[in-house]
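Visitor: Handing you a structure now.
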Amino acid sequence: MVMHFFLLFVSNILINNFILVRFLGLCPFMGISRTIDSAIGMGLATTCVIVFVSIISWLINFYILIPFHLIHLCTMTYMLIIAVSVQIFEIIVKKVSSTLYRLLGIYLPLITTNCSVLAIPLMNTKLNSNFIESVLYGFSSSLGFFLVLVIFSSIRERISESDVPMYFRGYPIALITASLLAIAFMGFDGLIKF
């Protein structure tokens, strides 16, 4: 059982990464990754929101939607859970760290529309995961998001100090870098055999 959880954890971080493999969450990936500080803040915020949403969505799914045969309302319910969770988290971040709140800017409310935040509870529902698997799936997927965001932002900081040809400055070199990072993560594909 422990090995199952370990494989789930490692595969979601490295092999089935939401950004580089499933191409979910590309808006904050490209938008907030200019500096490492904002990437760390966004990664932590997204991790907290995803874990909280995974817990609440599993509880609502298991205790309300399934028993009352309302599973067809899961997408709408999860969207509501995400919106409320992000608003709560935004209030907490504003109170705790006004600097982080200003750094994240528009991207903090945009966690609401981050498709990876919605994909995780939907996949938990589809996979019929138990509570521990759901929380671990959410946590490990968000750690994979966080890892790629921090790696990409550190690379972008180095690129911003480099002499890049004029036509490649900005998003073109960022997309090329992201594709090379995705190719590098493809090397983890054979790491786990099920």
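Each Cβ is built from the backbone N, Cα and C atoms, and glycine gets one as well.
For reference, Swiss-Prot lists these features for the protein:
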TRANSMEM  1-21  transmembrane segment
TRANSMEM  48-68  transmembrane segment
TRANSMEM  73-93  transmembrane segment
TRANSMEM  103-123  transmembrane segment
TRANSMEM  135-155  transmembrane segment
TRANSMEM  172-192  transmembrane segment
Visitor: With CB pairs under 8 Å as the measure, which of the listed stretches 1-21, 103-123, 135-155, 172-192 comes out on top against the transmembrane segment (73-93)?
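Guide: Going through each listed stretch, the top one turns out to be 103-123.
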Visitor: Where else in the chain does the transmembrane segment (48-68) make close Cβ contacts, counting only residues six or more beyond its ends and a cut-off under 8 Å?
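Guide: Contacts of the transmembrane segment (48-68) (Cβ under 8 Å, skipping residues fewer than 6 from its ends): 74, 77-78, 81-82, 85-86, 89, 111, 116-117, 120-121, 124-125, 129, 131, 134-135, 137-139, 141-142, 145.
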Visitor: Of the listed stretches 1-21, 103-123, 135-155, which one has the most C-beta pairs under 8 A with the transmembrane segment (172-192)?
Guide: 1-21
